[in-house]
Every structure is written in structure tokens, then in C-alpha cells.
Ligand code: TXA
Ligand code: MG
């Protein structure tokens, strides 16, 4: 851990970069963000350029506490206040009707804005030091897996960055839950560590979930969060046979597994945790590691079906969708997410 003096100096440098219209990568509890001053359209434009992200994919504005909601949103429903007070700081993004001051470039021209208070001391200190909101997507190239360490950010986007704050590995590891509160009924747009059951318990009402093929948030493409190597989701019972089949075809095979499945020696094996929080925390770093080893395919043992695994399964299914015919599902029992 750097000394408090070094941390303070880093924070001042990062806040100065934001004030000057620069880009700062910073840790959150979910993944690293690529931040700019949310009220500076020219600075926000640099985010889109650095990521190679289409202009109609809106950004989340990171704020320091629930009281700042009124600065960014209007017609805020009671459900938003309830969730903000119970779940923030935390991995939940709320979509609300936007206040006029929110630049079009942040919202992709929509009349809503995504807001969240991240649960990370460096992120909160940076937002406080900047004195405003920080517009930030995940700090990866468009469509790729999100970074969960500062080293991932450096590798992928280092040259485009004015400052990288290193807060160590992210605790949650996958992106925040996104809940749309701008319509008649609360609607889940992206599953995350805050579960539907958790949200329903706070609100005391059911929330709507789109099916996997229904249109979702702009930017929520089915093929997203993908490593460079094609991914195939395989039920545990078929993992060994599938690995052998591909090895016999001369493929270099990597496998992410959570059970004590016997795999051929030639397989580059990554043993995953058995609990969903560990899976989420490790997933993106493992996919990056496998990419770096240069395999022809990544076989991923399908995690269990069930509400606790919804967010992990969502990311895995997107990763498997990214490579068209070469990314596949061998699964029989798929859930909507
Ligand atoms: O955990 C997270 O949410 C991370 C950290 C850095 O906070 N951020 C993140 O941002 O994952 P990004 O841009 O990679 O994903 C945000 C998603 C996008 O799919 C975008 O379409 C959606 O949020 N989103 C943002 N604003 C929205 C809006 N007004 N309406 C609908 N969807 C929105
Ligand atoms: Mg992203």
C-alpha cells in the first residue's frame, strides 16, 4: 500500500487531470473505470475515442453520495431514493430521467442518465476531489472484457490515459447491476452483484426482466465482454470429452473449470472458485490470462443455474456469443440471462 502522502499526491494529480479535461482510470469495487469530468463534453468525447466506443452508448455518471442525485436527475421516484440509501455506495446503477445540465454526449442523446456511487475509497476520494460527477465506462477497448487491475488498464489503454490510480484488484470483478427506474415499472437492464431478489426485498415490488433476446440498454450487445479467444460454454459432464475432441483436431485448448473434472494434460487448465462471488472476482483476469497464452478456444464449464449465478452466466453467455459460429453453447438448460 502506498503511503498516505503518496496517495494524497496521486489524488491531487488525478483531480487536476480531470479539471484540465483529461482522462483518469480509477478503481471501483466492480471494475476499473475510464473517467472524465461529466460536465465537460470535450473531455467525455475523449473517452469514446480512447475506447473506440460508438457515440450512442451512454455512460454512467459516478457521484459521491445520494444527495447529488438531484443535480443529475429529475422526477426522481421514491424507489430511487430507497435503493440509493440502502445500496450505495455499491454495485448498483440507477437509470433516471436526466436533468438538463447533463451533456448529450454522456447520455447518448437519451432523456435518461445512469448514476451510481461506487464502493471504493479511491473512487469516492477522486469524485470528492474533482468536485463534480465522473462519467466513466469500464476502462477497456469497446466489446472487450473489463479490467479488474491497474495493469490491465495499462496494457489495453495506457497510452490514452493522463493518469491511472492503482487501487489493487477489484473486489466484485464484474460490472454493476443496472436498474431502469425511468418507466412505469422498475426494469433490470444488466444483472450484477446486487441481485433481483435483493432489489425486490428493498422495494417490496417485483421488477421486470427482459428475455435474453429482447432489446436492452443501448450498449448491451449480446456479444460483449469477450476475450479474443473464442469461448464455448460446456456442461461439466461433457467437458472432458469436448476437450479431447478438440485436442484430437489439433486445437490448443484452454479450460476454466470449477469441478474436479479430469482433463487431458495438454489442456491449459484454470481452476475456478466454487462460489459465485469468487467466480465473478476472478473471471476477467482468467480470461485475459488465457488470451495471453494463445489458445484456439476456451472451454468454460457451465456454472449452476440459479439466481445467485445470473450475473456470471450473463457475462459468460455474452463472451460465448462474441465469435459467431466459433463461440458456442453446448448447454441444454439455458436461462434468460
Ligand atoms: O460497474 C460498472 O457499472 C462499471 C464501473 C466503472 O462503474 N461501469 C461500466 O460502464 O460497466 P460501461 O459503460 O462499460 O457499461 C455501462 C452500461 C452500458 O451498457 C450503457 O449502455 C448502460 O450502462 N447505460 C448507461 N447509461 C444508460 C442510460 N441512460 N440508459 C440505459 N443504459 C445506460
Ligand atoms: Mg463496459
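Note: Cβ is positioned from N, Cα and C throughout, glycine not excepted.
Per TrEMBL, L-threonine is bound by 62, 116, 136, 176; the candidate from 30, 229, 257 named for the same site is 30.
Sitting within 8 Å of the Cβ centre of 30, 62, 116, 136, 176, and not among those site residues for L-threonine, are the Cβ atoms of 28, 33, 60, 91, 93, 118, 123, 175. Along the domain 'YrdC-like' (8-194), the predicted structure has mean pLDDT 96. Checking the binding-site residues 30, 62, 136, 138 for a CB within less than 6 Å of any atom of ligand 2 leaves 138, listed in sequence order. Straight-line distance linking the Cα atoms of residue 225 (ATP binding site) and residue 136 (L-threonine binding site), rounded to a whole number, equals 16 Å.
Listed binding-site residues: 53, 62, 116, 190; maximum Cβ neighbour count within 10 Å falls on 62.
Within the same chain, residues at least six positions away from residue 30 (L-threonine binding site) with a Cβ under 8 Å of its Cβ are 91, 118, 146, 170, 172, 173, 174, 175, 176, 192, 193.
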